[in-house]
Amino acid sequence: MSKAGASLATCYGPVSPHVMTKAENIRLLILDVDGVLSDGLIYMGNNGEELKAFNVRDGYGIRCALTSNIEVAIITGRKAKLVEDRCATLGIVHLYQGQSNKLIAFSDLLEKLAIAPENVAYVGDDLIDWPVMEKVGLSVAVADAHPLLIPRADYVTHIAGGRGAVREVCDLLLLAQGKLDEAKGQSI
């Protein structure tokens, strides 16, 4: 790829060399929940129970990332037991819920994991995510993110939140790091 501005064709769509270079160095992937791991809809039952749908392809991608030595963390503005349960199922141990200021959790993660901001990717869908996204090495907005977030992100997924966008990002990181063919996940 010697032409300036040329893109790498992936199974999801084109990816710029600039994004691939940033993705090579990612050691921590931080995800929002509503609108990223889920489609952003919240179903409320008659007894106050909250339901969300999670995509198993995203789960497989997360497991592949974790088994390929990429840490995965969740920072979300809401608090829900089902998110805690989903994280436990996937093996995500870094969970921050009820975060109105996501920078506090971000700083805690950097210190706890001894990771520099340039080695972090963050996937978000709304303006609450931008303060962290502007500090990381690779900022990602899902395809159906808030219109003001999309032009600010380093990469915009080709797939919407809750529909496999996280799997797309996991595959991108693994491809950039030469680990995609050996990655092992689990359909959960």
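Just so you know, glycine gets a Cβ as well, placed from its N, Cα and C.
Features reported for this protein in Swiss-Prot:
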BINDING   D32, D34, D125  Mg(2+) binding site
BINDING   D34, N55, V56, R57, D58, G59, R63, R78, R86, K102  substrate binding site
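Nearest in space to D125 (Mg(2+) binding site), taking C-alpha to C-alpha distance over the binding-site residues D58, R63, R86, is D58. Each residue contributes its Cα atom, and for V56 (substrate binding site) and D32 (Mg(2+) binding site) those atoms are 16 Å apart. Around the Cβ of D34 (Mg(2+) binding site), a 10 Å sphere holds 20 further Cβ atoms from the protein chains shown. The secondary structure of D125 (Mg(2+) binding site), as reduced to three states from DSSP, is coil rather than helix or strand.
Using the Cβ center of D32, D34, D125 for Mg(2+), the list of other same-chain residues with Cβ within 8 Å runs, in sequence order, V33, G35, V36, L37, S38, G40, T76, G124, D126, D129, V142, G161.
It is D125 that, of the binding-site residues D58, D125, has its Cβ surrounded by the most other Cβ atoms within 10 Å.
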